[in-house]
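Novice: Just passing along the structure, written as structure tokens.
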Amino acid sequence: MEDLNTTAEKIKTMEIRGAGRIAVAASAALRDYVMTLKSLPLSEFNVKLEEAAKTLVDTRPTAVSLPNAVALTKRHSATNVYDAIDEIAKNAEKFITNADQALGKIGKIGAERIHDGDVIMTHCNSHAALSIIKTAFDQGKDISVIATESRPRRQGFITIRELNDYGIPTTLIVDSAVRLTMKEVDLVVVGADSISVNGALINKIGTSQLALAAQEARRNLIVAAETYKFSPRTLLGEMVEIEDRSSDEVIDADILKELPNVKVRNPAFDVTPAEYIDLIITEVGAFPPAMAFTILRDYLGLEIEV
Ligand code: RUB
């Protein structure tokens, strides 16, 4: 399980990050791991498979892409280990190919919402959101981007580098400049870690502030999300868990030690209610958030046990 543990560690420490990348890495890690279990009897194989699935799923709690990718990859109906490995390898292949193609389709569908001259605000670093922005740019639209820093991990720096290298004019702002800057913005485009059955978006902390400011300024907010970012367990009434990360990401541990009356909270994600979202752009089309249930039922491809 060495390689699988390495992938799990990279997800935990955010060397691999972003809901889509996490999902693809987990699917590939599970595929590679089961290849090493050829000599086991099926019952033992299945136990090891479940253990490995749990190791991956336990790394980060919020992005539902992770348990969805693991569930779609690990399922098999084989009666011997060779067939099980074969099925799992095919599942992984399908998941990884679909995930890759989904980004292209989301880019194409979402770019329809971007017009020549638009200023787009984005938050954190989302491959799906950037796919929309880059596709619009590739179509020759004269666009520019306002990218938030996204404290505390500053994923905005990844975004501005990527946009810079693509040749897209970009302005970096600190997170607290979102409301002031919103009047210059035509459209907000963000990614998703999870979307719940009521159409609420769970994404990088601060996303809901962009949504509030966008609504106040009467600007639309669109979400770029592959269908595997929809959370089946919210159908069972479960809430999406918001990851709390270390205070070290926010303040130096030595400084904090000198402040016995101070504690630090570092939630990594927040919830944007459906009424702040204009459209969710998936690889199977653009939907209003109220249609989240339909996407879970018709497109995700996971059976939900009540
Ligand atoms: C990343 C983040 C991204 C979503 C979507 O958070 O909130 O907006 O994961 O990204 P973190 P993508 O950096 O904590 O993983 O579109 O790439 O899946």
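Cβ atoms here come from the backbone N, Cα and C positions, even for glycine.
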Novice: Of LYS90, LYS94, LYS105, LYS229, which does TrEMBL put in the substrate site with ARG17, GLY18, ALA19, GLY20, ARG60, ASN203, LYS204?
Specialist: LYS229
Novice: Please check each of the recorded positions ARG60, ASP193, LYS229 and report the ones with a CB atom less than 6 Å from an atom of ligand 1, ordered along the sequence.
Specialist: ASP193
Novice: Do any residues at least six apart in sequence from GLY20 (substrate binding site), in the same chain, have a Cβ closer than 8 Å to its Cβ, and if so which, in order?
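Specialist: Set apart from GLY20 (substrate binding site) by at least 6 residues yet with Cβ under 8 Å, we have SER65, ALA99, LEU103, HIS127, ALA128, GLY191, GLU226, LYS229.
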Novice: My understanding is the cutoff is Cβ-Cβ under 8 Å with a sequence separation of 6 or more in the same chain; which residues meet that for GLY18 (substrate binding site)?
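Specialist: Expected: ASN125, SER126, HIS127, GLY191.
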Novice: Go through the recorded positions ALA19, ASP193, ASN203, LYS204 and tell me which ones have a CA within 10 A of the CA of CYS124 (active site, proton acceptor).
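Specialist: If one measures from the Cα of CYS124 (active site, proton acceptor), the recorded positions that come within 10 Å are ASN203, LYS204.
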Novice: Take the C-alpha atoms of ARG17 (substrate binding site) and ASP193 (active site, proton donor) and report the distance between them in angstrom, rounded.
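Specialist: A Cα-Cα distance of 11 Å.
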Novice: Of the binding-site residues ALA19, ARG60, LYS204, which one has its Cα closest to the Cα of ASP193 (active site, proton donor)?
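Specialist: It is ALA19, whose Cα lies nearest.
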